[in-house]
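Some features that Swiss-Prot has for this protein:
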type: BINDING; residues: Cys122, Cys125, Cys179, Cys182; note: Zn(2+) 1 binding site
type: BINDING; residues: Cys139, Cys142, Cys165, Cys168; note: Zn(2+) 2 binding site
type: REPEAT; residues: 122-129; note: repeat 'CXXCXGXG motif'
type: REPEAT; residues: 139-146; note: repeat 'CXXCXGXG motif'
type: REPEAT; residues: 165-172; note: repeat 'CXXCXGXG motif'
type: REPEAT; residues: 179-186; note: repeat 'CXXCXGXG motif'
type: ZN_FING; residues: 109-191; note: zinc finger
Amino acid sequence: MEDLYGILGVDHDASVDEIRRAYRRLARELHPDINPDSADRFKAVTHAYNILSDPEQRQRYDRHVSGGFSSDFNLSDLFQSFFDTSAEFQRGSDLLVNIDIDLKTAIYGGSQVVKIDSLVVCDVCNGTRSEPGYKAEVCFDCNGSGVVRGEVRTTLGNLITQNTCSKCRGNGERIDHPCRRCYGNGSRSAPRDITINIPPGVETGMRIKIPNMGNAGGAMPGDLYVDCKVKEHPYFLRDGQDLYCRLDISLVDALLGTKVKIDSLDGELAVVIPALSQNRDVIRIANKGAVTLRGGKGDLCIVLNVLLMQKLDPEHRALLKKIMPNPPKPKLAKRTSGFFSWLKNKFT
């Protein structure tokens, strides 16, 4: 178990002022907006300070340390009871941004840069909120703890409550000379370019969470949430795991068959068109469809669109009659439903 005094770098008999000075120094050094790799250490320092700066909590901690912990004692439960009230107000607010993603990126993944306006740590006061050359003073109302404690009588007994200090808004400091750049807020609005890593299989309506990329706060920054919308593709349509496209072919190629190359989302692809292909026949190519978030991959379904000749000269007419001297007579066909109707709605 880590020693809370050791986390702050103070002796076990350190005064409240010594503990407060140690915390302020470490907080400025380890703040996630200044040193992103030290987020865990910053959290530990904040936890240690919140316990040791409060006489009752410090006495309780010292008593457990000196007396030893029982086998079923959970230090995280002790921490949780101390920090549920005070940690949240120190965290920055979350941000939400909407992005449009092309179909290829949505299927195979990629990255996209978006510009957002968010609160960042002030580059003049480095988040101290005071004008350079001045220091913050301890808040008189909460004695620097950031919370005001009270006692409520209930039928179950007296309950100790903790509320964010309204005077310092939970910062524990009194700012007599506020920074002129950020007006004493410790942060300011600024544009930022954020690279969004898009996983394969994203669909419209999905939300991506990027931790600690939201607004700056007194401690941890908020999170950035990205709502995705997949743009329509001019040639390809996604339906579940499968991709659909329509391929125009001539009557000759439909009758005799051929081999063509198409530009799919996955690169150039050779497609064999069988002889005697009918209009709206579907050629299914396995594992060339859409990728899902779970890692599966669908098929590429190519719907054939046979193009009839728009004009026939006498020579062509005579040749067709010679090839097909007795064609079948026109007759009513039974109505079909299901897959054929679905394709018709998609591609007509």
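Every residue, even glycine, has its Cβ placed from backbone N, Cα and C.
If you take the Cα of Cys165 (Zn(2+) 2 binding site) and the Cα of Cys125 (Zn(2+) 1 binding site), they are about 23 angstrom apart, rounded to a whole number.
Each of 122-129, 139-146, 179-186 was scored by its Cβ pairs under 8 Å to the repeat 'CXXCXGXG motif' (165-172), and the highest score goes to 139-146.
Apart from Cys122, Cys125, Cys179, Cys182, the Zn(2+) 1 site neighbourhood in this chain, defined by C-beta within 8 angstroms of the site C-beta centre, holds Asp123, Val124, Asn126, Gly127, Thr128, Arg129, Ser130, Pro178, Arg180, Arg181, Tyr183, Gly184, Asn185, Gly186, Ser187, Arg188. Helix first, then strand, then coil: DSSP counts for the zinc finger (109-191) stand at 0 helix, 39 strand, 44 coil. Taking the Cα of Cys182 (Zn(2+) 1 binding site) as the reference point, the closest of the binding-site residues Cys139, Cys142, Cys168 is Cys168. Long-range Cβ contacts of the repeat 'CXXCXGXG motif' (122-129) within its own chain (Cβ-Cβ under 8 Å, at least 6 residues beyond either end) map to 28, 31, 33-34, 135-136, 171, 173, 175, 178-182, 184-188, 216. A Cβ distance under 8 Å defines the sequence-distant neighbours of the repeat 'CXXCXGXG motif' (139-146), meaning residues of its chain 6+ beyond its ends; these are 16, 20, 50, 53-54, 86, 89-90, 164-168, 170-174. Report note: the Zn(2+) 2 site is defined by Cys139, Cys142, Cys165, Cys168, and the residues of the same chain whose CB lies within 8 Å of the CB centroid of those residues, excluding them, are Phe140, Asp141, Asn143, Gly144, Ser145, Gly146, Val147, Val148, Ser166, Lys167, Arg169, Gly170, Asn171, Gly172, Glu173, Arg174. Around the Cβ of Cys122 (Zn(2+) 1 binding site), the number of neighbouring Cβ atoms within 10 Å comes to 22. Taken together, the residues of the repeat 'CXXCXGXG motif' (122-129) have an average pLDDT of 86. Under a cutoff of 8 A between CB atoms, and with a sequence separation of 6+ in the same chain, the neighbours of Cys125 (Zn(2+) 1 binding site) are Glu131, Pro132, Cys179, Arg181, Cys182, Gly186.
Here the candidates are the binding-site residues Cys139, Cys142, Cys168, and by Cα distance the one nearest Cys122 (Zn(2+) 1 binding site) turns out to be Cys168. The Cβ neighbour count for Cys179 (Zn(2+) 1 binding site), using a 10 Å radius and every protein chain shown, is 22.
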